[in-house]
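Shown next, in structure tokens, is the structure this report addresses.
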Amino acid sequence: MGVGLCGRGIVAKPRLYEVASDLGTDSKTLMGILREMGEFVKSPSSALEPPVVRKLAKAFAEKYPDKVEEKKEHTPPAPVVETPKAPPPLPRPIIRHAVRGVPSGAPRPGNNPYAPRQGMGQLATPGPATKRPVKFKAEGDKKPASTHRRVPAPLPQKRTPLRGRGAPGAFGRGNKPKSRKSKTLKRQEFEMRDAPVIGGVTIPRGDGRVIRLMQGASVTDFAEKIDVLPANLLSVLFHLGEMATATESLDEATFEILAEEIGYKVQIVSPDDEDRALLESFSVNLAAEHAEDSELDLAIRPPVVTIMGHVDHGKTLLLDTIRNTNTLAEESGGITQHIGAYQVSVGDRFVTFIDTPGHEAFTAMRARGAKVTDIAVLVVAADDGIMPQTIEALDHARSADVPIVVAVNKIDKEGANPAKIRQQMTEFDVIPEEYGGDVMFIDISAKTGQGVDALLEAILLTADAALELRANPDRTARGVTIEAKLDAGRGAVATVLVQSGTLRVGDRVVTGCAYGRVRAMVDENGLPVESAPPSRPVRVQGLSSVPKAGDSFIVVAEDRQARQIAEKREANERNAQLAKSRKRVSLEDFTRAIQEGRVQSLNMIIKGDVSGAVEALEESLSKLDVGEEVSLRIIHRGVGAITESDVNLATVDNAVVIGFNVRPDRKARDRAAREGVDVRFYSVIYDAIEDIEKSLKGLLKPELEERKLGLAIVKEVFHSSRVGTIAGCSVESGSITRNAKARLIRDGVVVVSDLTVTSLRRFKDDVTEVKSGFECGVGLGSCDDIRIGDEIETIQIVEKPRA
């Protein structure tokens, strides 16, 4: 076996049928072993990774030791053993009998027309052969005699007892398989003798055996594990009142019911274990890599700090003061919508900050920020005190087991009482150092900058006292995706935080279901960088798709390996989503529910500009409690503009499309209007949650309907010192009216909203309206960020009574 596998050493990734040939078995047997190992191949021609081949060979040897021995017995060829053994001279009657038997079907090797002499007499052995031709010549039978002097007839009969078993040919074929087959049949008959009959089919007893399945597994996967037909399991499910197909992903509860009925126990592998096994199959073992790091390889890395706190308590303003920048104006209503990561210098050291949203709705994003952080800075306003989000942020920091530094903000405002904040925090077991505890409290003013330097010093002191922050910068990079979005002109852009190793331009990375080669990296200031050491946040370009916030990223050696890991992760995630969204309706109450109209479902499609916002909105909607009569199903979510395929999916499933800071393209807009699909747009997440909750409960007030007046495409951009930026536009649909509300759209994403058409000109004349098919100059007030190809959409807000 080992020789066969090594013989293909020049092939980097052998095919499954080649491995089966080396092991002396068939591809179907190896495919079954691969499924038990958690590896899934499509066909015998699928290529296997070298680690998978080694594991497969080991598993095959353990499961089929008899086949391995059989392979070893058949290795030496028969002709090498038999050729030097010449038979002894036989009596004359036996030779004549062999000659007479030639016409009855024995092979005649003496009929080769290209041989120097018929019968190949030149190969005859000297000695006895010189007398035998004389005897045959008298009988006129020279050629057959020479033929059978070389290969005597009794030789095949003597070969069998010498070897003890049939040679690999026509003689003795099938002796061993027949015995194995009969044993298999006997074992199956014995097992099926007492097997229970459920739903008209017979299923072998499980006797409590544990079957490990991945999330989103199907009936076919379960059937292959226990070696039964999927149709039999479907019959059992039907008998239990469950309707399913062989390839449909089932949830854990359904598998537990099915397994209990037939005597098995099902264990659903957790996503972390599943992903760990997937990486190990590609020779990527993260735990082993960390264990291999010696003390000499480790270097001090900067601390990673997460700023947490209640909404509008000054988290982003504090970070802006530290960075000496202003990102607050870019957020809707002054509320942080997206996660940002930045690194600042404090003397000769660095500190990495992660700015998490302060909403309760963004619980998942904030919790994910706590998982990658070393120190949590809890911002509490001195005038407001402790709020619900403050307690929530404190719980996340404690669950992540990270030290806490409390920043008492807004001490410059009237009514500020920092001492009261310290007293309130003691009620939650956060004891200040002034009271004999171990938590540092720093009074600051993010607006004036007072106490910010002291806060940075407190962060470094806490890191030095409570933590040992070291990492190996000389290995391949590992880290976490902080945020990701689809950027116009750049494609998928992800903000990643390197946790160990060094990330370099050109590395092949895998993060979640996305993969690619790092084409470029920029820091928080937009400057290009060639490498990122541990605790360094950078924006990465070159990914195939938009990963999720919180996905871990790794660097692999080959593009093919990165693609295979991402594709397997995507398939596993798709199966898990199908299992989660599957509605389990029993046969007993299915008809009754349809007749009474109790089963009602609201299907939704969510599209957003960044993955973190989409995930947070989805999680918030899943927590809505609207009773048992109405259910909420999110059938699709994604990042980017609303496309025509989204509208088509909404048409088929009668779904509502929610756009968070994104707009539909022209085809999607026309299709939605033609099909009557409800498409709603939001820029603040709480507005979307409130509307959907009220619509589910039937408590919506008369809605404010947004009517589209016109759409213009920017063809040229002009700059005027008197008016400002003028967009030379072509009106594509409707009409553009002066003083109308407008928004600026770029690549399907709303860049600026709440605009007003302040000036409208056609040639040199001021006009009040320009209709479709004409060109005009449009001024949008103080908005200067206008580019060629942008869309200017004018709208009108009207009240619409609800039906």
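These residue numbers are counts, starting from 1, taken along the chain as shown.
For all residues, glycine too, the Cβ spot is worked out from N, Cα and C.
Per Swiss-Prot, the features are:
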- 309-316, 355-359, 409-412: GTP binding site (BINDING)
- 65-75: compositional bias 'Basic and acidic residues' (COMPBIAS)
- 175-185: compositional bias 'Basic residues' (COMPBIAS)
- 300-468: domain 'tr-type G' (DOMAIN)
- 65-186: region 'Disordered' (REGION)
- 309-316: region 'G1' (REGION)
- 334-338: region 'G2' (REGION)
- 355-358: region 'G3' (REGION)
- 409-412: region 'G4' (REGION)
Legend entry - Spatial neighbours of I411 (GTP binding site) that are distant in sequence (at least 6 apart) but have CB under 8 A: A382, P418, D443, I444, S445, Q450, G451
Inset, instruction - Count up the helix, strand and coil residues in the region 'G4' (409-412) according to DSSP, in that order. - result: 0 helix, 1 strand, 3 coil
Inset, instruction - Please give the average pLDDT for the region 'G1' (309-316) in this predicted model. - result: 76
Legend entry - the region 'G1' (309-316): DSSP-derived helix, strand, coil residue counts: 2 helix, 1 strand, 5 coil
Legend entry - Which of G309, D312, K315, all binding-site residues, has a Cβ with the fewest other Cβ atoms inside 10 Å: D312
